[in-house]
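Visitor: Okay, here's the structure, questions in a sec.
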Amino acid sequence: MERFAFKGVASNLVTYLTDVVQMSNSSAAKTVNSWCGFTSMLPLLVAPLADSFWDRYSTILTSSFVYVLGLGAVASTATIWTWSPPSNKSSPAFLFWSLCLISLGQGAYNPSLQAFGADQLDHDEELPSSKDDKSSNKKSLFFQWWYFGVCSGSLLGVILMSYIQDTFGWILGFAIPMFAMITSVAIFTCGNRIYAYKPDKSIDSKPFQNILQVIKVTASKLVNGRIRINLPDDKSDVGELELQEKPLCDQKFGSNGGFDGNPRNKTYLLENAKIVLRLLPIWAMLLMFAVIFQQPATFFTKQGMTMKRNICRNFKIPPATLQSAITLSIILMMPLYDKVLIPITQIVTRNQKGITVMQRMGVGMFLSIIAMIIAAVVETKRLEISRKMSSLESETVELSIFWLLPQYVLLGISDIFTVVGMQEFFYNEVPVRMRTMGFALYTSVFGLGSFLSALMISVIEAFTSSGGRQSWFSDDMREDGLDKYYWLLALASTLSLLFYAIFSKFYTTTSELENGNCK
């Protein structure tokens, strides 16, 4: 229901900005990208607080209130502008502040909700080691079907709300997501008595404070050679910590995700910090996938507005509705992935999961490149037809909008591999007490990818429009250069996939470290 509410606003926002707020195509695309980026980056700021100071259940309830407040504010802008169009700067500014409230609410809500859901299975981690594989499979299935539910809500939001917004207006189109979110919170609170709460009474309940403390200790150690600090579990007990030259590779991870589980051992905390830092190369190589992920809600939608959209004489497909092809392909293909593809790959690779999580992400990145190549070819064809038409004719070209379906479907299939793989990867590769941060790292890929997409648009627009030339993102869809932009994204993503394969080859997973395979 949360995904229904968010997609009900985000999927058609570019149309709202161009048609109601009267922004240019490039400005609207950059605004949507920047907002999505801001929304996805906020969990990085909120997750440390949720992990260290707040419990996840309280975070979910508080953030959902902010979320509903933001949705209500966006709906109010549509109500106001029905009678008074946004003719001054203050009106659009109120819309942007309303969107920021949604970002703030979702930034705390999403990672906390998903981590809270995964907490319901955390009793599996207390099983004997002989059942570790079974526990891992349960978590893998959880992430797959969690994403299935997310996509189901997104599908309904895209199809239903884009149609309502284009047909019945923006007031109803923004009010329905607000009431959907209110309903979801009411349903969530009904499960109070059956949830498995994880009150954190361990010494590592504030991992970020401990990691910052270790960084401070290490820096002082390098300067002074030795430092006395107050340990977190006993303020009166002053201990002397010495930096060891070699990690304790022979020791097993404790239940809290560190070495030997002893909070008095500085190596335990250092390893927690090192695990997060080890993820950065993989995290960076996923950014181009996130850039491609932004295209359906921006330029794909603007393309669709210029194409033939009639199904019958009196019905036109809202361009944003095609985004539902992504989620629909995920919903249809995910059971096939679980029941057909995995058993086949298990036979070939002799791996219980069929393919590893990192291989899964790589396959998705490859499919996204193919999707951009197809998008470039279709856009080239659209431009050819458009430029042959007289300037007095309608902007709509005689090319069916369904020619865009293959790129949408391929992006949906790539999501099954990459997005679900990313959720499992970041969840498993961080210490147990930092699981909310793990989800924040996953969402931050799309956050920074959105900002990177907006930056690329600005740089390319400045470069291609110099000397009086027509920008690749021209408001005149007959003269744009979106085909070149798509080819550029395909090339950049290919390079990113190449480096990803290199980094993956040398990456050591947490499970391998647990088995003593330290490098």
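Heads up, the Cβ atoms here are built off N, Cα and C, so glycines get one too.
The transmembrane segment annotation in TrEMBL covers 60-81, 93-109, 145-164, 171-195, 275-294, 315-337, 357-378, 399-419, 439-464, 485-503.
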Visitor: Determine which recorded stretch among 60-81, 275-294, 315-337, 357-378, 485-503 has the most C-beta pairs below 8 angstroms with the transmembrane segment (171-195).
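Guide: Between the stretches 60-81, 275-294, 315-337, 357-378, 485-503, 60-81 has the largest tally.
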Visitor: Where among 315-337, 399-419, 439-464 do we find the most Cβ pairs under 8 Å to the transmembrane segment (357-378)?
Guide: 399-419
Visitor: What else in the chain is close to the transmembrane segment (93-109), if you only count residues 6 or more beyond its ends and a Cβ gap under 8 Å?
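Guide: Contacts of the transmembrane segment (93-109) (Cβ under 8 Å, skipping residues fewer than 6 from its ends): 2, 6, 9, 21, 31, 35, 38-39, 41-43, 45-46, 50, 59-60, 62-71, 73-74, 76-77, 86.
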